[in-house]
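Chemist: Have a look at the structure that comes next, please.
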């Protein structure tokens, strides 16, 4: 008596790189006694036993159901579009590190039932590997060449090689394949050259390079002396600039003070009294040359417009004027011709 059996045996572990494709085999043979409907399920068994199994794809009643596991939607499919042919293998495309886990294929056709587990490990290739130098690149010093990959599944292995000169690592070098450090003790100028590091794991490799240049020791005493001299020169220049600024400021202040002082050799301005006298004298001379017929216009000029000699008096010398009548102007002093006005006496005669 025969029954349903899975024929894909011997492939229980798979290791693939991220981004690649994997085919998880699940082939089977049906028996004449298996008369029930064919049912094929692929489930993901979590590493944590407390969690439930997750159905990722299923074939039942001549139909495929692949919407159970959102993390793989669009990335998984049955290898054979018609699993009834005896091939229920599963293809997973564009693998990711999160796809790592245990997968189980279950084939049912009553009364036969069979299953098979497959372990899938998705590895990440080394990537973004960087090389660097630690320590002073001087003759007689110890130099460390470092190599590290930013991406990559463990266990990563590192290997250094020299790509210039003798293409052999120095005799004093010490390599740590796990950390990627290459120690060069008591470096000499012969150690100079280009070094290449190769990071690798089971699914790929990545490389980087670094240039080592071993030089004689630097004259630190000369550098210190030069720094001191440069500092002193800088302080001298700064002091000179401060002195010039202060001097210029004092000169501007002195010029400003002198500008506001009155110089002794400059003659004083004319007093207002002499101005008034000259004004009156000019008016007198002009009046002396006028005829009586022209006097009418000038007699109407108010005396207040003629400058007086009071401008010569100081504030402490305020004169006290006695009340008096305003006298008529003396025409003879002003150069005018006297006019005889007839008058009538008591007896009626003309005088």
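Please read every residue number as a count from 1 along the shown chain.
Glycine is no exception: its Cβ is also placed from the backbone N, Cα and C atoms.
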Chemist: What range among 151-174, 175-198, 199-222, 223-246 does TrEMBL describe as transmembrane segment?
Modeler: 223-246
Chemist: Per DSSP, what is the residue tally for the domain 'Ig-like' (126-215) in helix, strand and coil?
Modeler: 3 helix, 51 strand, 36 coil
